[in-house]
Each structure stands twice: as C-alpha cells, then as structure tokens.
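Per TrEMBL, the feature domain 'Major facilitator superfamily (MFS) profile' maps to 8-423. The transmembrane segment annotation in TrEMBL covers 12-30, 64-87, 99-115, 121-143, 155-175, 195-219, 249-270, 282-301, 313-330, 336-361, 373-395, 401-418.
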Amino acid sequence: MPNSQKQTRVILFLIVFTDMMGFSLLFPLFPKTIEHFLLKGNDSVFSLFYDLALQIGGDGNKEFTMVLFGGILGSIYSFLQFLSAPIWGKLSDRMGRRFILIFTTLGSVVGYSIWFFSSQFWMFVLSRVITGIMGGNLSVASAAMADTTDEKSRAAGMGLLGAGIGLGFIMGPLFGGMSSVLNFLDFLYLNGTAVIFPASAFFGIVVSLITLLLIVFYLKESKVTEEKFKEIHPLLAISKIESKNLIRISILNLLFIFSFSGFEFVINFYLSENFHFSPKDIGFTFLYIGMIIVLVQGGIVRRISGKYPERSIAGIGSFSVAIGFLVLIFGQSIGFTFLAIFFLAFGSALVNPGLSSFASLESGAGDQGMSLGFFRSFGSLARALSPIVFAIFYFKKGAGFTFVISLLILILFWYVLYGTKTKREFSN
C-alpha cells in the first residue's frame, strides 16, 4: 500500500475517532454537570430539559430523572448526526471530501470551544448541537475510505473506520473521566468564565485541532462527482437510490446499533449496582472493550477482508453478540460478566465493518457519499433513541430485561440480514 494511502486512512481513522469521542466524552461528566447547572438555578433552558425528563420518567425518582436528562442530552448529538450525515455525504459527492471534512472539523473545534466557555446551560446545549451536526461527517469519512479502496480491501478499510468509531465511543468516557481530575484550568471555572470540568472540554478542542491540521496539510482529495439529487436531504431521495438493497442494510445498521448501544448504556449501571464498580473501574472496563475491538478490527477483519462475504462477517459477529447477551442473562458472577463482554465486543468488531462494507459495495459508484451518509444516519438515529429507551427499561424492569430486549432485536436483525440478497445473488 502506498504511503499516501496509509496516510489517508490514518487521518480518516482520527476523524471518526474524534466524532465518536465527542459523543461519549461527556458520559462520566453528565451527573456532576447536570447537578452544577441544577444548583445554579434560574435557567429557563435547563428547566425545559429537566421538566421533559420528569415527564418521560413519570415517577419523580431523582436518580432516574438525572439519567434520563443525560440520555436526552446524548440523544441530541446523535439525532443531529442522523439529520446531517446524508447532507454532508451528498455535499461531499459534489464539492469534494476534503473541503467538507475541513469545514465540519473546524465546526467541531468551534463546538468544543463553546462547551469550554459554557457558563450558562444554553451555551452547553448549543455546543452539543454544533458538534452533533458536524459529527455527521462520519458519512464523508466513509465515502473517502470507499474512494481509496477496491472491493477486496473494502472490508479492511471499513474495519479501520469501525475501529475508530468503536474506539472513540469506548475511549471517550475514559478520557472524559481522566481529564476531569486535571485542575490546571479550574481557575476559569471558579471565576465563572468556563464550564465545570474545563480540562475535558480543552481536551476535545486539542484533539479536534490536531485532526483539522492533519486534514489541511496531509489529506488529499479523493473524488468529486456530479450532483445527482436535487433534494436537500437525501433521505427524501430514497426512490432514486441506485441500490434498493441499501435501505435494508441501513435498517440492519439501525437494529444492531440500537441493540448494542443499549448494552453500552446499561452496563455502566449494571457494574456499579451489582459489583460496586467505581467510575475508574468502569472506565477500565471500557478500555477492555476498546482493546478487543481494536485487536479484532485491526487484525482479524484485515485478514479476512475479501476472503469471506460481508454478510457472512456480519452474521458471525452477530452470533457472537448473541452469545454475550445469553451469558449476561444467565450468568450472575463478575467472571461471567467479563466473558459476556468479550463475546459482545468481539462480535461488534465484526458486525460494524461487515455492514459498512456491505453498504458501500451495494452503493452506486457515483453516490458513495450520499449512500453511506444514508447508512450512517440510521446508526445515529439508533444512538439517539437507545439511551432514553434503555434508561426506561432499566429503571422500570431491571438489567436482565434490557439484555433480553437486546437479544430479541438481534433475532430481528438476523431475519433481515439473511433475507437481504447481495448484488451477486440478484444477478444470478
């Protein structure tokens, strides 16, 4: 592989890593951040969000309400990713991948900077809105990866992006927790200039700036094609997508991410309540998950790329995830829990690149950005819905019930997966 191609792949990896890290960096900070703004009082925007969490929760339980509050804030980011991903993808088909990636990464720097100076809650929400919209550039990074790979190496390229997405989601809480104990910027928080945990926001700014500089100085344009669709949002152009199969694959992405994100949300509370894990312990648990994902997607997926059909890779991965859920349902010890986490992380590391590559190969050659934006947006929608839905399930029915729900969704995933024909099967 030429050095320029390796360089491009590393930069694309960093882009998706930064996007997903931005989504999850706040997870361990949400409780204290929400309490901080609650104590400040007299904030109409905060009251609006808190009242919404109370209405959804229904029983007035403070802990439940605070978790839902955090879930709603997290959902804003992913819902805006859902709306923006196809738009950025479509624009990159017309204007070029590099230009859109520079624009959106610069926007993320602005979003993190607003978070840093969020002395008021409305500024904090605005920062999530901006970073969520700019985080839709996952679709552009996917399209750029598709531009630089052939059919045989597509799964390996998407596996690298999947590793970036998975690692960013997993490492975000770890980095958020670790940076929160740094106090070199606390004087700005104490004098009312900066948000609580300013070092965490500063960390987000620095990572985004580094990514921006790498794009500006090292990322070359991969492809620009003529505009095919007039609709402002490509979701409105479903009837014009070259591959009707793409809709089914996007639904598969929604089902799997909804199921797996539910586990990622619930496991924090499950470990805390059942095994008395501290935030630090939970952080290292996510590091364990992240290491498995990186090893599988950086090693196994790269070696099997082009040798096995993408649908088979996704199928094997989902079977591993199902084993993990079964172990969680029937195994109560900490040993069984970490065995289950291994199967879940291992399977997820296969499913995500398998589906991404499947979607790319089923897309038209001239609309990779729009098609992969469509595909990625369904994953963002799943992440937007999952925290709220699984918070309700967990506090109303318990952890075991949420694992059963995730397993049932996975069964529906299998039904759709094996009912989806590839281009080769259609031609035969």
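Cβ from N, Cα, C; glycine included.
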Selection from 282-301, 336-361, 373-395, the stretch that has most Cβ pairs under 8 A to the transmembrane segment (64-87): 373-395
Which of 249-270, 313-330, 336-361 contacts the transmembrane segment (282-301) most, counting Cβ pairs under 8 Å: 336-361
Annotated stretches the transmembrane segment (195-219) and the transmembrane segment (99-115) touching (3 or more Cβ pairs under 8 Å): yes
Same-chain residues at least 6 beyond the ends of the transmembrane segment (373-395) whose Cβ lies under 8 Å from its Cβ atoms: 23, 56-57, 61, 64, 67-68, 70-72, 74-79, 81-83, 85-90, 136, 138-140, 142-143, 234-235, 241, 246, 249-251, 253-258, 261-262, 265-266, 269, 355-356, 359, 401-402, 405
Contact call for the transmembrane segment (249-270) and the transmembrane segment (99-115): at least 3 Cβ pairs under 8 Å, seq gap 6+: no
Leading contact stretch, 99-115, 155-175, 401-418 vs the transmembrane segment (12-30) - CB distance under 8 Å: 155-175
Tertiary contacts of the transmembrane segment (401-418) (same chain, 6+ residues out, Cβ under 8 Å): 248, 251-252, 255-256, 258-260, 262-263, 266, 311, 314-315, 318, 321-322, 325-326, 328-329, 390, 393-394
The transmembrane segment (155-175) vs the transmembrane segment (99-115): 3 or more CB pairs under 8 Å: no
Tertiary contacts of the transmembrane segment (313-330), as residues 6+ beyond its ends and Cβ separation under 8 Å: 155, 252, 256, 259-260, 263, 301, 304, 336-337, 339-344, 346-355, 357-358, 399-400, 403-404, 406-407, 410, 413-414, 417-418
